[in-house]
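This report refers to the structure that appears directly beneath it.
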Amino acid sequence: MNIQIDAKGKQCPLPVIEAKNAISGMTEAGIVEVTVDNEIAVQNLTKMADHKGLKAKSEKKSNQEYTVWMEVTEEFVKNNIKDGNVSSTPVTEENCIPDIRKKKTVVVLGADHMGEGDEKLGKMLMKGFVYALTQLEELPQTILLFNSGAYLSCEGSDSVEDLKSMEAQGVEVMTCGTCLNHYGLTEKLAVGSVTNMYVIAQTMMEADHIVKP
Amino acid sequence: MMNEFCKGGGCTAKLGPGILDKVLKMIPKKADPKLLVGFDHSDDAAVYQLTDELAVVQTLDFFPPMVEDPYLFGKIAATNALSDIYAMGGEVKTALNIVCFPESMDANILGQILLGGNEKVTEAGGVLAGGHSINDVDVKYGLSVMGTIHPKRILENNHCKEGDLLLLTKPLGVGIVMTASRMKAVSEEAFDQAVESMTTLNKYAAEIFKKYGIHACTDITGFGLLVHLGEMLGENFSAEVWTSQIPYIRACEDYVEEFYITAAGQRNRNHIGAQVAFENCSFAMEEILFDPQTSGGLLVAIPENEVKKALKEIEALGLDCGIIGRVTEKKEKKIYVLK
């Protein structure tokens with residue numbers, strides 16, 4: 001199992017955090033390869049590998065491109081699983097559970113209701129829409145929630161369970177941090193992660209389909 | 001669009017000490033007997049003598065935001081810029097704002113930054129006298145501060161003596177906590193501790209130290225404790241640092257294990273790491289000792305017979321502080337980090 005990470009253009013500690021997450025998600029021995037654009041990031045990656053007892057080597061490809069290879073051993077993976085850092089039966093590409101996420105379909109929930117008209121009806125429809133998503137054969141890759149859509153992923157929403165179920169199947173659920181803040185929901189987020197406008201814009205730009213109820 | 005405002009700044013954004021040394025060596029220096037402290041000292045601020053009794057202290061400091069609240073950022077940046085005057089033993093008189101701000105951004109944000117900055121200048125007993133603003137892609141803010149000092153009472157950063165004890169007035173780990181905050185992994189407690197430390201003026205500690213026979217004083221900023229200590233020791237001394245006595249924000253131990261560490265911390269390690277011997281020091285503590293501080297505390301070298309009394313007064317200011325080590329005769333390594 002080998003993992004490649006392109007962390008060029010990312011400031012420390014991001015390259016290190018991404019590598020660390022990849023390493024702790026490994027379910028079998030292999031190499032994590034990280035490409036970065038500065039020497040300090042190479043040193044921080046090597047420091048992290050040393051601290052975790054992993055062998056690392058690096059190579060300077062040009063002034064703005066360095067590659068670091070970290071060797072994740074069988075023993076490390078075993079201990080990692082034992083420590084409960086990673087599940088021993090994860091869904092990986094090699095597993096036989098088919099990945100039912102539709103390639104790069106992004107569902108955008110920009111309000112807590114669906115359609116214009118009676119607001120009470122709109123909220124019911126939205127609840128139904130999120131539930132219906134869970135029942136589809138192909139799940140979206142990402143669900144973005146912003147403006148009053150942020151209420152849907154927070155405590156007290158009837159959609160939390162449905163969103164959690166999709167998240168458990170690999171759907172990325174991301175809620176706009178500014179919106180959570182605006183509605184005083186920051187402490188109440190119940191599913192998925194907090195995101196920002198850069199990620200929202202990038203996710204939408206890279207999507208093959210955007211679904212907006 | 002908070003992330004556009006805060007991209008991870010503070011003193012972690014400082015250029016590495018290595019680069020700076022190289023460049024500064026290339027600048028021709030004009031000899032002026034009235035320039036009592038200039039940049040060949042790697043000191044905190046410049047001191048220029050006007051009369052037998054009066055010298056001016058000048059300093060300038062600015063950086064990008066490290067917190068998302070602009071008002072808080074203003075307070076931190078000003079506390080940090082004012083600190084260099086106190087590290088020299090001076091009194092703050094006037095301050096000028098330095099502003100880089102995108103025209104497209106909400107001007108109220110700038111208003112909040114300046115408000116926070118002004119509050120700290122006023123608390124320092126100084127007056128905000130003007131400034132200069134530039135339209136720029138990213139936000140940066142700081143101050144140029146002028147203070148006064150008696151030419152005979154300058155606290156230089158490199159006049160320590162063998163046997164002096166080292167007293168640090170604020171907890172370390174602010175850079176690590178702000179990195180954890182940027183990764184949305186910070187606890188409210190750790191964040192509040194860091195903010196309290198970064199917005200506490202070094203004025204109060206400096207006033208206490210005036211009553212004692214301090215040999216050397218510096219403020220801990222982007223170069224972290226070990227690089228600043230290395231400058232204080234110069235070529236003639238070494239020091240012991242006792243990790244059990246280091247004041248630091250406790251959550252940092254966990255954050256280091258998650259690798260919420262900075263490029264600046266690694267640059268500090270590169271700069272002085274070869275001159276430091278670590279004995280029984282955890283990886284987390286190493287990182288804390290190299291951690292770049294924004295608006296960090298004062299580090300003073302103080303005679304042993306005065307240190308207990310001074311520490312008691314500093315403790316009463318309310319921040320985590322401690323006697324963290326001792327200046328020794330020159331040994332093979334510059335700094336020995338012991339338990």
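Placed from the backbone N, Cα and C atoms, the Cβ positions cover glycine too.
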Looking at TrEMBL, which one out of B:Asp84, B:Asp192, B:Asp254 binds Mg(2+) in the same site as B:Asp44, B:Asp219? B:Asp84
Using DSSP, break the domain 'PurM-like N-terminal' (B:43-148) down into helix, strand and coil residues and give each count. 35 helix, 42 strand, 29 coil
Cα distance, B:Asp44 (Mg(2+) binding site) to B:Gly131 (ATP binding site), nearest Å? 21
Integer Å value for the Cα distance linking B:Asp84 (Mg(2+) binding site) with B:Asp61 (ATP binding site) is 9
State the Cα to Cα distance, in Å, between B:Ser133 (ATP binding site) and B:Asp219 (Mg(2+) binding site), rounded to an integer. 27
Can you tell me how far the Cα of B:Asp61 (ATP binding site) sits from the Cα of B:Asp44 (Mg(2+) binding site), in Å? 10
Same chain, |i - j| six or more, Cβ under 8 Å of B:Asp219 (Mg(2+) binding site); the result in sequence order is B:Asp44, B:Ser83, B:Asp84, B:Tyr86, B:Ala87, B:Asn202, B:His228, B:Gly296, B:Gly297, B:Leu298, B:Leu299
Within the domain 'PurM-like C-terminal' (B:161-337), what mean pLDDT does the predicted structure show? 96
